[in-house]
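Annotation comment: TrEMBL describes 11-300 as domain 'Sugar phosphate transporter'. According to TrEMBL, the transmembrane segment annotation covers 7-28, 40-65, 77-98, 104-124, 131-148, 154-171, 192-210, 230-250, 257-278, 284-303.
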Amino acid sequence: MSSSKKQALFIASLVILWYSSNIGVLLLNKLLLSNYGFRFPIFLTMCHMSACAILSYFSIVFFKIVPLQVVKSKAQLLKIATLSVVFCGSVVGGNISLRYLPVSFNQAVGATTPFFTAVFAYLMTFKREAWVTYGALVPVVVGVIIASGGEPGFHLFGFIMCISATAARAFKSVLQGILLSSEGEKLNSMNLLLYMSPIAVLVLLPAALVMEPNVLDVTLELGRKHKYMWLLLLLNSTMAYSANLTNFLVTKHTSPLTLQVLGNAKGAVAVVISIFIFRNPVTFVGIAGYSMTVLGVVAYGEAKRRFR
């Protein structure tokens, strides 16, 4: 087999793993939080972060997937801790929303991330894009408004949590660019995950104990009642790390344009698979709204590339 074919096969395998991990963790989150009676989004996020902390350490320190980058100052550690808290908020908010919203609608709202990123970039760094670029964001927002009106399973609190999680995810990406902008402080995504994950566990553990006080008793009871409960929780947490790792590797081995196209397609695939698995009702208006949002995201990415 030629080297180009081997490279193409390698990238295709990475993309399949990336899709499987991302969609898998999303569907398992929904299954655990809505269908299994495991109603503890904070504790679930803590399990994810614990797996990320342990697996990141082994991947970087022992398997040398990427070179270990050392934190050089208390100021840098404080910046990482700040990012970790925002990251926690976005993941917990997303998991809470899955208790109340179908995965399909959750993905439609999540597709508005570029809108919030553009808003925060403008407010925090005064970075302006061309007016054409901002114009491309209009269908992104209008699409979600239309999808909300056509969503049979719409839940206001779930929607607020989902929008908050999406905004927090965008805020974290802009904040990361500001806080870790100097060459001496920049970390690749895998090293950043290595340092953020333990901090996230320290933040989430007391939050889970206070806000979800019966989590241990209920989890043990569910473990006795459902024989696959512990396996699902372990698989779910491992997939959370795998999603981050494969995202890093796909980013490394593909172009930004390819990554954008793959990312947009991934959301659509997740929507279709979730509808087949959970059988949640969808309407023509909801599908039209989501399609408009995705097309707006595609147009926004193209406008950014052309009018940079």
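Glycine is no exception: its Cβ is also placed from the backbone N, Cα and C atoms.
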**Request:** Please indicate, using numbers and ranges, the residues of the same chain that are 6 or more beyond the transmembrane segment (192-210) and have a C-beta under 8 Å from a C-beta there.
**Result:** 40, 42-43, 45-46, 49-50, 52-53, 56-57, 60, 71, 77, 80-81, 83-85, 87-88, 92, 176, 180, 244
**Request:** Looking only at the domain 'Sugar phosphate transporter' (11-300), report the model's average pLDDT.
**Result:** 92
